[in-house]
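A.B. asks: One structure, pasted below without further comment.
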Amino acid sequence: MGIFSRSKRTDPTSDEQKGADATASGAADAGDSGSMDAAASGAADATASGSTETVTDSAGSAPAATVGISMSTYRGVGAPAGAPVAAEPASSGTPAGSTVGASAGASFGLAGGASGGGPAGAGAAASARPPAEAPQGAERAPGMRDNGLLQAALAELPAEPTSQQMLNAARQLLQGHVFLRVEGDARALIEAGENLPLQVATQGDAQWALAYSGGDALRASVQADGATGTSALAQPVTAVIQHVLQGPYAGLVLDHASGTSRLMLPRDLLERAVKDTTPELRIKSLLAAPRTAETAGQVVEAIAAGPVWVAASRPAEGQTPGIAEARSADGTRFLELFSHPLEVFALRPNDQPVPVKTAQLAAALRSDEGISGVLLDPAGPWIQLSREELAPILAVQE
């Protein structure tokens, strides 16, 4: 029995149609380039344009929601979150500054070694580094929480977001679960062996799948369309993205009725996003979860399994590329490591993500004793790992 069925169409407003047009156009243009960089930038530009055009006043001006919506998740289908665990940071210390150019550059097979100068404003961005740990969403039902990290990222979007702000929100989708609205009682439909009629938005012949970061976005959606005979189903993000890619959808819209806190992700960007990660989204999921004494070791294992990336500068002709580092206030150096190319684009738009194998990472760290460890996903949620914690990786040989 398939959990998803072809969705009932719900017509968006004329403004929503404009946003869908702009996003689809941007995705097509980005796809022609064959580059994840171009796809991410083009999609973000189109989505930003779409989001400003599609905003209506209904969600923002409505009184506090009083419409209830049942929440369900199922073993093997949903993605229930565990009970909160007391946070215990695996490593302490927040890097206070950032620079590009490490002597490890040659160890990654790049021409030359260090090169000075990073993206404009890199130091300022690092000094205002976000919290290491992700916010935990409200618990809407026993064992099931809002996707706090995605929810917070969408809430930060301004009325006229830049491409970088859109990319920053998009990268936070790659962990945990999202919610889907189902017409009728999801639990009863599943128990009866029925497919689930999911709600979508349509524009002409194009369909956009709808997903939600949590209860507030679901209530806003109910208020916007008045369809109170619906329920919510939690699904792993990877399952939802695969559903979109295997279906006739032009893309995915997150929190479509939540004013400026909405995000349109065209199909092209979703395809490229899942291509560059593992099905279980292991690294990002570990960083988004509450920290425990085991987190550092689990993250090191995930790094060794890969894939991971470093950020390499795009040198002018005649110059050599450098690898991004973070430096603490006392000058301690950490190699910046990334769990996905979107993490690089969101933080360092002028840099190029370069995939790194475990043996290459080990060789780079061994070749420069001045590097004290790695800083993984510095745009947050992040973790700082010392050389001692990275011992299993340092032991890997070519």
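Positions of Cβ are set from backbone N, Cα and C atoms, glycine also.
Unlike curated records, TrEMBL annotations are generated automatically.
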A.B. asks: Quick one: which of 79-100, 145-166, 255-276, 321-342 does TrEMBL have down as region 'Disordered'?
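C.D. replies: Checked against TrEMBL: region 'Disordered' maps to 79-100.
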A.B. asks: Counting by DSSP secondary structure, give me helix, strand and coil numbers for the domain 'SseB protein N-terminal' (288-391).
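C.D. replies: Tallying H, G and I as helix, E and B as strand, the rest coil: 30 helix, 33 strand, 41 coil.
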A.B. asks: Averaged over the domain 'SseB protein N-terminal' (288-391), what pLDDT does the prediction give?
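C.D. replies: Value for the domain 'SseB protein N-terminal' (288-391), mean pLDDT as a whole number: 94.
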